[in-house]
Amino acid sequence: MKFVDSATIFVQAGDGGKGCVSFRREKYVPKGGPDGGDGGRGGHVWLKTNSHLTTLLDFKYKRHYDAGRGTHGQGSRKTGKDGADIVIEVPCGTVVRNAATKEVIADLTVDDEKVLIANGGRGGRGNQHFATPTRQAPRFSEPPGKGESLELEFELKLMADVGLVGFPNAGKSTLISVMSAARPKIADYPFTTLVPNLGIVRYEDYKSFVVADIPGIIEGAAEGRGLGLQFLRHIERTKVLAVLVAADSGDIALEYRTLLGEMEKFDAALLDKPRIAIVTKMDIAPEDLVIPSFEDGVTVLAISSVTGTGLKELKDEMWVRVSSHASDKKYLDRREEE
């Protein structure tokens, strides 16, 4: 399925139904009073998250969503039916903005979360409500309310436990393919991965966590070079960052520092997230390779997705980080301060 992480749609809540102008007409009641019923309320527009959705692709094909209109009131004080609500399903991690003002309306991160986006118009009141001692036969009703309309911008930020970050050809796609059932495109040239991929890693005792393979970052990604700016936002919601550098890349310490620098330029709070340094492709590592400590407090693991070297230790470390209750606290605190 094609991955789409932004979309714009137009929603229209239903108008209310008209109030009825009617008078009671029965045998032996020649001068019955007003009995016009109220119109029904217009349908609301709701957004609801669905954890099974991972893309905004559907909104590229359908951009207009209309709720039902309330039916009109009738005589004998009969109230019209409310218009049908419409529920639009979106992936978890969807940020919803007013397209006109850019104001964030909702940030939907929990499965099955439901948010009212546009209110239906109220039903007009029938003439039964307007009789007075001096106006016993009102020949008018209250006009119905209009349903709210809104243009919405959706931005999807993937919900994953671990985000794999690295330069093109660092081995991210190969790693996620051997750790999970994900099957991203893999080839020996840069930018094979053009969209993020999600994989579920099965751990011992029926535990599991989600890993996201983010398309390769290059130097200058925070300024829009390569594919970086388009996809860096997908690591904002991850709990743990796994920073990958290839053993055959030359200066792995410089590459690691460059990756951290690009993330800091995009959002300095990302560096508050717990991270793991991973040296990949150890099966083709130079014989004289010396793996540095990179930085204090960061676990460094050397792995090979081809031979399986270090993968068990990597899964263990990822699980420890993901299951830590305070794993994302510093990052969230800083985001709230901003």
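Placement of Cβ uses the backbone N, Cα and C atoms for every residue, glycine included.
Per Swiss-Prot, these features apply:
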type	residues	note
DOMAIN	1-159	domain 'Obg'
REGION	121-145	region 'Disordered'
DOMAIN	160-323	domain 'OBG-type G'
BINDING	166-173, 191-195, 213-216, 280-283, 304-306	GTP binding site
BINDING	S173, T193	Mg(2+) binding site
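Sequence features, as recorded in Swiss-Prot, placed on the structure.
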residue : record              : Cβ within 10 Å
G166    : GTP binding site    : 24
N169    : GTP binding site    : 21
K172    : GTP binding site    : 31
S173    : Mg(2+) binding site : 24
P215    : GTP binding site    : 23
K281    : GTP binding site    : 22
S304    : GTP binding site    : 21
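The two recorded residues, S173 (Mg(2+) binding site) and P215 (GTP binding site), show a Cα separation of 9 Å. Residue counts for the region 'Disordered' (121-145) under DSSP, helix first, then strand, then coil, are 4 helix, 2 strand, 19 coil. When pLDDT values are averaged over the domain 'Obg' (1-159), the model yields 93. With a cut-off of 8 Å between Cβ atoms, the residues of this chain six or more beyond the region 'Disordered' (121-145) that come close are 13-23, 33-42, 70, 73, 77, 79-80, 82.
DSSP assigns K172 (GTP binding site) to a helical segment in the three-state reduction.
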